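Asker: This is the structure I have questions about; it appears just below.
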Amino acid sequence: MEEGETGLLLQSNKELLSSGFSIHENSEEIKKIKSALTWVFLDQSNLWRAGLSWSLFFILTIGVPLVSHFMFACLTCDTMHQRPFDALVQVSLSLFATLSFVSLSSFARKYGIRKFLFLDKLYEDSEKVQQGYTEQLHRSMKILSSFVLPSFIAESIYKIWWFSSGGTQIPYLYNAALSNTFICILLISSWLYRISISFLVCVLFRLICSLQILRLEEFAQVFETESDVSSIMIEHLRIRRNLRVISHRFRVFILSTLILVTISQFLALLLTTEPSSTVNIFTAGELALSSITLVTGLFMCLRSAAKITHKAQAVTSLAAKWHACATISTLDDMTEETPMARTMTPQVVYPINSSWDTDEEGDGDDVLDNTNMVPIHASTISYQKRQALVTYFEHNKAGITVYGFMLDRTWLHTIFAIQLSLTLWILNKTIGIS
């Protein structure tokens, strides 16, 4: 009878948490995410909206840049109005936007916003994790605006100047003022649409990674209390599963973005270092702006992946430190004269040297990666179980992977070394830098 009442109580508590979170799910932050998807016409909830979404995508991502490049190449214009790098700019941005649009469409069709953002299981987390994720949701829209608006403003200023100062050099239909105004608005809209979609995927990836970081920080607190090994392993397996799901969803996007950015940047370097090329703010301004957009999006994804991988792997060192402190505590307790002294001391804390706090290496330490010794409880679990848990963590490292390759800091250093080598090689072939 008591077991049945307990089961009903647990079920009712779960339903209350789920229903309570349903109100939280309709908060202003979630509405902003949905409005952002609607704003870039990614709402494909029905056939009509899906048709509108794909039509605008083809018009603003493919049609407008293609027509613009051939109609406004302006080969006979003066040097300030020529666009020698326009083909690379348009192709790079359009490919990045296409990759992002296809990825977002696939995510929306397969999962929906609740499952994609892990909102359907968020009620199982603590209130601290939910509150932190709510703050990250609110911050994500600010991050998106902070990246999109400067690029949009800079491109708008350039396009307005280009059309207003070009005069009769720029091709027009019937009326020069009306034609140039219409084309200028269309090109600015195309630019805004492409960078918004591109940055939106990167921001959502960062948002999802931030949730897993919050869960890892919450998980790290189990080493400060009396915990069972089985419960620790179950929670860690849940986190590893979520990281595998994220890796599987974004692996194509991250790898394709890395390849796209690498090729586009080296082509840009090759074109700008040619002896016959004219490079100034008027001819290469858009190229610099598009390069910043591509590199920033890739950097955001790689940094988020490396950060969460570092946090996940820091659990191993935290478990090893916890095991060492518990072993030392157990050996110290064996030297006590009576068993009563051990039971009267529920917790032993090993303080650290106060001078450590002033070291630069300690800046930014958190619960997952710090120099503080963890508190040890007298009635801790056995040595064999602790050792088995540490061995499990050592052989089951979690993190974001791309087709089996862990996106950690070592991997990022390797990418940087390869990119730097290729850059120096191209500079040596073009302008003689070795």
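Glycine is no exception: its Cβ is also placed from the backbone N, Cα and C atoms.
Automated prediction, rather than curation, is the source of TrEMBL annotations.
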Asker: Labelled transmembrane segment by TrEMBL, one stretch among 173-191, 192-210. Can you tell me which?
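Answerer: So the range that TrEMBL calls transmembrane segment is 173-191.
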Asker: Look up transmembrane segment in TrEMBL and report which of 143-161, 409-427 it refers to.
Answerer: 143-161
Asker: Select the range from 87-108, 143-161, 173-191, 250-269, 281-302 that forms the most Cβ-Cβ pairs under 8 Å with the transmembrane segment (52-75).
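Answerer: So the stretch in question is 87-108.
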Asker: In the same chain, who gets a Cβ under 8 Å from the transmembrane segment (173-191) while lying at least 6 residues past its ends?
Answerer: 60-61, 64-65, 68, 72, 93, 151-152, 155-156, 159-160, 163-164, 166
